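For reference, TrEMBL has these:
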- 227-510: domain 'Aminoacyl-transfer RNA synthetases class-II family profile' (DOMAIN)
- Thr319, Arg350, Glu373, Asn483: L-serine binding site (BINDING)
- Arg350, Thr351, Glu352, Val366, His367, Gln368, Phe369, Glu437, Ile438, Ser439, Ser440: ATP binding site (BINDING)
- 455-474: region 'Disordered' (REGION)
Amino acid sequence: MGLHSYLSGTTLQSLTLATIPSSSSSRFIFRTTYRTLTLNFLSRCSYSQKPPLPYPIRALSTSAAVQTSPATSSSTTKIPDDQGGKAQWKAAIDFKWIRDNKEAVSANIKNRNSNANLELVLELYEKMFNLQKEVESVRGERNAVANKMKGKMEQSERQRLIEEGKNLKDRLAALEEELVKLTDELQQEAQSVPNMTHPDVPIGGEECSTIRKMVGSPRNFSFALKDHLQLGKELDLFDFDAAAEVSGSKFYYLKNEAVLLEMALVNWTLSEVMKRGFTPLTTPEIVRSSVVEKCGFQPRGTNTQVYSIGDSDQCLIGTAEIPVGGLHMDSILADSLLPLKYVAISHCFRTEAGAAGTATRGLYRVHQFSKVEMFILCRPEESEYYHEELIKIEEELFLSLGLHYKTLDMASEDLGAPAYRKFDVEAWMPGLERFGEISSASNCTDYQSRRLGIRYRPSEPPTTNTKKGKGNLAPPQFVHTLNATACAVPRMIVCLLENYQQEDGSVIIPEPLRPFMGGLSVISPKSG
């Protein structure tokens, strides 16, 4: 998910806003009157990426695990969506795999400090499995009775079979209704099971994360440092006070050269990523809650980071990862289309629940921001390679801007539910006197694709398959998905202002951005 670093968790939190009558000049106020609008932000998303997949990852990838279902071919086959109301979506979870690998799954839940209840999942699965067998048995009896009635017989015997058939029909209907309820309950529990974890991921909390790479060194300043808030005030780049009056805390206005800087960062990043074969997108910024859930987030959970819209099934996005993930939902892709690489520009909205203190002041942690997000759909055996490609792109971008940064292999407890592995990039922010997360790259394997229903059909059928029919097509398989933040604008502005400040109060614009700012090379204090 994009800036999982910005979001760094997997639940979403809520904020209640109220709609004001049309006669009012303001659209929303922070109180509950009139028709309420609840907005839930994406919780701190974790970026992850993954190397070679160990045996457990295959089945647990999307919350738990999955079964492969048959489908037809074509370059992109869209599966019909019978949505009318609030249909219960189902993840393709391989419960048998979970049961057979109970110890590994249990250890993974513990290592990730997850609240998933594995014992309950397995208990519900056994009940469902047994109930399915009973349903099939009764259905078989009913079919047998129907076949008997096709022959000649005494009227009394026919009447007996009619009564037996009616009883079996009623019993079958009751059992099927019970099975639907049990299946929904099982899905609800199983969807909380996190993805499996790469074997090289450090076990423990964020402090256990390991450094993969350290680039550059802190700049030596011969004058008193200013943080980005002071620089922004003196250069007339931000207005937090007016934004607080208009929207509330953690909102802001960008002004003057800061607006040009945001546009430059977005356009430069977009052009650089497109050179590497990514297709540009802009995305919807309001999505269905079910799509948020299928990407592994909980829009209405406790301490959620997602803004949910009240009296609707929609949410504001916390990252473009969500709408891009939904782009190929319920599809079977042709093998020749893979990998699909997208770079998406969007605004992102996050509640940032629980975030407070000087470490998150100013632009560092805000409710709304612009972001450029990379997203890849690929074959399962290639996701490790593309994870490394994504982190390399991020590192090249930050290196070209002259930033001092480090890349981290994030520990198990810092991984969001979808992530198999996550690499974070933290840059030195001298005004804040610390490293701050500016990017993240996650390998989610098939965790999201099993929920979103995104599969591909390998071009070559299995050599051991001797069955005829359907053109001897290879069965469809779930793709792997990866996401990474190419540019989270507010935090990049923090880095650039604080690292490129000069003694006279001006700020140098890094050379790669200058063509995107009309040739401007310096942001200077306003005269007068």
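For all residues, glycine too, the Cβ spot is worked out from N, Cα and C.
Whatever TrEMBL says is automated annotation, not expert-curated.
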Q) If you count other Cβ atoms within 10 Å of each one's Cβ, which of the binding-site residues Glu352, Glu373 has the most? A) Glu373
Q: Enter the number of other CB atoms within 10 angstroms of the CB of Phe369 (ATP binding site).
A: 21
Q: Consider the binding-site residues Thr319, Glu373, Asn483 and say which one has the Cα lying nearest the Cα of Glu352 (ATP binding site).
A: Thr319
Q: For each of the binding-site residues (Arg350, His367), count the other CB atoms lying within 10 A of its CB, then report the residue with the highest count.
A: Arg350
Q: Note down the number of other Cβ atoms within 10 Å of the Cβ of Ser440 (ATP binding site), including every protein chain shown.
A: 36
Q) Including all protein chains shown, what's the count of other C-beta atoms within 10 A of the C-beta of Ile438 (ATP binding site)? A) 26
Q: Run through the Cβ atoms and count how many others sit within 10 Å of the one on Asn483 (L-serine binding site).
A: 35
Q | Thr319 (L-serine binding site) CB neighbourhood, other CB atoms within 10 A | A | 33
Q: Mind computing the max CA-CA distance among Arg350, Thr351, Glu352, Val366, His367, Gln368, Phe369, Glu437, Ile438, Ser439, Ser440, which the record assigns to ATP binding, rounded to whole Å?
A: 19
Q. How big is the gap, in Å, between the Cα of Arg350 (L-serine binding site) and that of Phe369 (ATP binding site), rounded to a whole number?
A. 9
(Q) In whole Å, how far does the CA atom of Phe369 (ATP binding site) lie from that of Thr319 (L-serine binding site)? (A) 10
Q | Spatial neighbour of His367 (ATP binding site) that is closest, considering only the binding-site residues Thr319, Glu373, Asn483 and their CA atoms | A | Thr319
Q | Asn483 (L-serine binding site) and Ser440 (ATP binding site), Cα-Cα, nearest whole angstrom | A | 8
